[in-house]
Every structure is written in C-alpha cells, then in structure tokens.
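**Student:** Okay, handing you the structure first.
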Amino acid sequence: MKITNITTYRLPPRWMFLKIETDEGIVGWGEPVIEGRARTVEAAVHEFGDYLIGQDPARINDLWQVMYRGGFYRGGPIMMSAIAGIDQALWDIKGKVLNAPVWQLMGGLVRDKIKAYSWVGGDRPAEVIDGIKKLRGIGFDTFKLNGCEEMGIIDNSRAVDAAVNTVAQIREAFGNEIEFGLDFHGRVSAPMAKVLIKELEPYRPLFIEEPVLAEQAEYYPRLAAQTHIPIAAGERMFSRFEFKRVLEAGGVAILQPDLSHAGGITECYKIAGMAEAYDVGLAPHCPLGPIALAACLHVDFVSHNAVFQEQSMGIHYNKGAELLDFVKNKEDFNMEGGFFKPLMKPGLGVEIDEARVIELSKNAPDWRNPLWRYEDGSVAEW
C-alpha cells in the first residue's frame, strides 16, 4: 500500500482536517491545527507531504521519525501539530486495514469507560452557575471554567476577590455534588498565581490548569509545594522531551498533552507512559473537533493513568460548527452518566461526512484569538 494524496480542509469554528488517500482506496483522517495558525500548519503538512507521497502508511513509527528527525530544526507547535494530524490519519488507515479500532492495536482496553468533563463559559457567577445547571441536566458532573480574567503581573485585591468570589458562589450553589477545574490559561504571573492559589484552596477545585505559562515551568514545583490543589499543565508542550523536564522537576499532578499539537497518538502514548512512571495522571487537552477527540479517547483507553477527558460539545469557541457536525456516526460519541465508551469501529472510529467538510471548507473563517490589553495599554496574556 502507498500514500497517493494528502488533502487539507480548514473548517469552522477553528479546526483543520486532513485526508490521506492510498492506492488501495483506504482513507485516513486526522486533525492537525494550531488555533489561530491553521494556514501555517497547513503549509507544514504539505511540506511533509512531499516525502509522504509514495510511502507505505503502515510504517507509522518510521514515518514519524522521518518527519521529526529528518530536518535539522524540529519540534515546536507548528511542526508537531502537522505531525500530529498526519499520525492520527496513519493510525486511522492501519485500523481500517486490520479491521480493528486503534485501541485494540495498542494492546487493548485498560478500562470500560472514561469520565468526560465539560467547559462552562460565562463572565459572571450567575452565568456560570446557570451553565452548570444545564449541563448537569444532560449528565455532566465535572466541569472546567476560567479561573480569572486578565491579571496584571502584580494586580490588586479587587481582581483577586473577583476570581475567588465566582468560585465561592459555585461551591455554595452545588456543594460537593460537582467537581470543577480552574483554568488560569497561563494569563497569571508567578507572583499572582501564588496569591490566587492560596485564596482558592478552601473551595477545593479539582485542579488548577496552567497556573503559569509553560515557559515558566520552573514554578510548577514551587507552586505545588504551597498547595493541596493538583496542578495540571501541558497543552502548550509539544514533545516528550518537553514533558521530560517537567516530570523530572515535579509539581505537576496531571499532564495535558494535546493529541493535535504534541505529535499525535504515537507521541502522546509515550508521554502517557512517562507520566505513569512518575505517578502523574493523564487528561488530554481537547477543545477541538471530533478527530482530535477520537484520538484522545484511544489513548485514554490504553493508558492506566488517564483520569478524565476534555471535550468541546457546546464550548463557547464553537461558532459556525459544533463538535459532531462533520460526523456521521454521532451515536458512537454518546455519553452515559458523563462517561465516554470506547469507539468500536475500525481505525479512529469516526465516520466523516466528507461532503459537508468540502462544503464548509469553502468559506472557512481565519480564527484568531482575541488581543487583550491592560488598562495602561500594554499587551495582556489571553
């Protein structure tokens, strides 16, 4: 079998799919994207395509190594996201050839179901509480929400109180009937992260995500030493080599590699194994589309340390398309009691509505993340 063609489709809301075709008619789908940089990743995919056309898609490990090691400069969000989507599609092809789901090819199930959590938007406590109530009505009991708005390097007590007040009202409204993680989104400086984490401790969030930027990872063990709240990080780390340094330093309780950013299934399964050796949980980052989610689920179901799975149904970013709008077999993604079951169809287990993909790709938006500024006019972290 040989790879004959690679096609990319930029899609709403902020996704990109790729299709790898073979000379035997078997097709694989992947989802390579950096949100806000889809065109750049698309160019990288097609640069890799110059080598991949004519190659045997079954040699996933070799093709991965060529893409990663074949150039003098390597790594980073663009290259690793391009590799990630290609890798997903190659696994999809292999599963279809062997008539088995990807998790079966990776050694089989270690669990029967995986807990999902849902994003909750809203700028005011009442909006967040209302959103949680609606999601509880469809079976969710675990959530993630923004821990704060933009915050200065050294901010005032009003900003701290506003963040804490939201969390306090949520805990008061629901008690311990729900669990929620707080995403600092890397928008908090190390000094302010210390303050916020201390103030939030009484409300027992499930985790604090990206308390500081990945560039400031040396603060993870320092922050962890002052709190009982688990620290989660990893969505802006792109290879096992970056995760290696974080694991060796300690402090992070949950790793969150993104299957569409960190080298795909091949790389993230290795990252999961490294995390297990350090007694660190796995919770793949996934605010993206259905192919990315499917890839995450296959890794979850073969990784003993997977604890829960993010998914983007109803997320506030999804303007122009929802998670399953491009999927024919929507029923396979149904959750029971807030849990995903294994995907059972061959390959990734996602049947893509190609006609709809082609149609909506004709006018795909060029999504960009917002640009925030502080009161003094300087740029703030989004």
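Backbone N, Cα and C atoms are what each Cβ position is placed from, and that goes for glycine too.
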**Student:** In Swiss-Prot, ASP183, GLU235 are given as binding Mg(2+), so which of GLU150, GLU209, GLU267 is in that site too?
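**Tutor:** Among the candidates, Swiss-Prot records only GLU209 at this Mg(2+) site.
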**Student:** Are there any residues at least 6 positions away along the chain from HIS285 (active site, proton acceptor) with a Cβ closer than 8 Å to its Cβ? List them or say none.
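**Tutor:** The list for HIS285 (active site, proton acceptor) reads GLY234, GLU235, GLN256, PRO257, ASP258, HIS261, GLU310, given in order along the sequence.
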**Student:** Long-range neighbours only, meaning 6 or more apart in sequence with Cβ under 8 Å: which ones does GLU209 (Mg(2+) binding site) have?
**Tutor:** LYS144, GLY147, GLY181, LEU182, ASP183, PHE184, HIS185, ALA232, ALA233, GLU235, GLN256
**Student:** Can you tell which of ASP183, GLU235, ASP258, GLU310 has the least company, meaning the fewest other C-beta atoms within 10 angstroms of its C-beta, among these recorded positions?
**Tutor:** ASP183
**Student:** Mind giving me a neighbour count for HIS185 (active site, proton donor)? Other Cβ atoms within 10 Å of its Cβ, every protein chain shown.
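**Tutor:** That number is 18.
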**Student:** Can you tell me the three-state DSSP label for GLU209 (Mg(2+) binding site)?
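**Tutor:** In the DSSP reduction, GLU209 (Mg(2+) binding site) maps to strand.
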